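Record features, source Swiss-Prot:
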type     : residues              : note
ACT_SITE : Pro2                  : active site, schiff-base intermediate with DNA
ACT_SITE : Glu3                  : active site, proton donor
ACT_SITE : Lys58                 : active site, proton donor
ACT_SITE : Arg261                : active site, proton donor
BINDING  : His91, Arg110, Arg152 : DNA binding site
ZN_FING  : 237-271               : zinc finger
Amino acid sequence: MPELPEVETTRRGIAPYLVGKRICRVTVRTAKLRLPLQPDLDSILSGRIISAVERRGKYLLVRFTAGTLILHLGMTGNLRLVQADTPPGRHDHLDLVLNSGLCLRLTDPRRFSTIVWTHDDPLRHTLLAKHGPEPLTGDFSGDYLYTKSRGRRITVKQFIMDSRVLAGVGNIYACEALFRAGIHPETPAGALSTTHCLRLADTIKEVLTDAIASGGSTLGDFLVSEGKPGYFPMSFSVYGRNDAPCPGCGAPIRRSRQGGRSTYFCDRCQH
């Protein structure tokens with residue numbers, strides 16, 4: 001699933017081609033996504049000019065002067081800019097055709113993407129209203145983590161992946177941040193000390209910043225005729241490295257299951 005860095009890089013990649021452009025038409029090939037697409041999306045959007053492309057957690061917000069298109073890429077979704085006459089593929093479900101001759105195309109093999117139009121404040125929409133702070137802003141800190149974690153029995157990994165606690169941190173970067181902080185992923189959130197929380201807040205910011213920086217070289221890939229950018233060419237310390245040597249101590253990286261997801265960690269370095 002695209003996490004905060006992937007969504008932020010998508011935003012940075014597409015925004016220069018969208019802002020100030022007018023929607024000429026909307027082509028819907030598959031309305032049955034995670035939430036059914038509104039049947040009148042073409043009549044709603046045609047003629048409107050895009051004023052901004054923003055991000056909230058793992059969601060993209062395509063803003064117009066009177067309304068916002070909220071997008072979530074689900075498990076396998078991606079957005080690409082293609083020439084408007086580019087033939088669609090099997091999993092190309094929606095095109096936003098622009099007056100520049102380009103179109104923003106949604107591709108999603110598993111169809112778990114979400115696209116919702118709202119006239120109201122998108123940050124108050126049910127999809128976003130309960131989101132916690134953005135991890136790369138001043139609203140997020142170790143003190144915040146410490147306060148929110150008091151009395152919580154869930155594991156620290158599940159805690160930092162809860163969008164009500166923190167917006168946008170998914171499985172990959174939770175594993176990496178916990179490794180850098182030296183915190184075992186199965187530690188109860190309520191057992192974290194102030195020092196733990198200060199260190200973890202720092203490593204969450206570091207991991208996300210590094211991932212976004214690694215994605216900088218992929219920005220040009222958003223204007224293509226086929227293919228898509230994958231996860232960043234980042235050298236993960238633990239994620240996906242089951243049984244490989246830990247970069248810190250050489251012990252084998254372990255894998256467990258938490259909340260239906262694989263968790264990667266080092267038993268020696270993380271306590």
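Quick reminder: no glycine exception, Cβ is built from N, Cα and C everywhere.
For the recorded positions Lys58, His91, Arg110, Arg152, Arg261, the greatest number of Cβ atoms within 10 Å around a candidate Cβ is found at Lys58. Here the C-alpha separation of Arg261 (active site, proton donor) and His91 (DNA binding site) works out to 25 Å. Taking H, G and I as helix, E and B as strand and the rest as coil, DSSP gives the zinc finger (237-271) the counts 0 helix, 12 strand, 23 coil.
Pairwise Cα distances among His91, Arg110, Arg152, the recorded DNA-binding residues, top out at 41 Å. Listed in sequence order, Thr10, Lys58, Leu73, Gly77, Asn78 are the same-chain residues at least 6 apart in sequence whose CB falls under 8 Å from the CB of the residue listed as 'active site, schiff-base intermediate with DNA'.
Nearest by CA distance to Glu3 (active site, proton donor), out of the binding-site residues His91, Arg110, Arg152, is Arg110. With a 10 A radius on its CB, Glu3 (active site, proton donor) counts 20 other CB atoms from all the protein chains. DSSP assigns Arg110 (DNA binding site) to coil, not to a helix or a strand.
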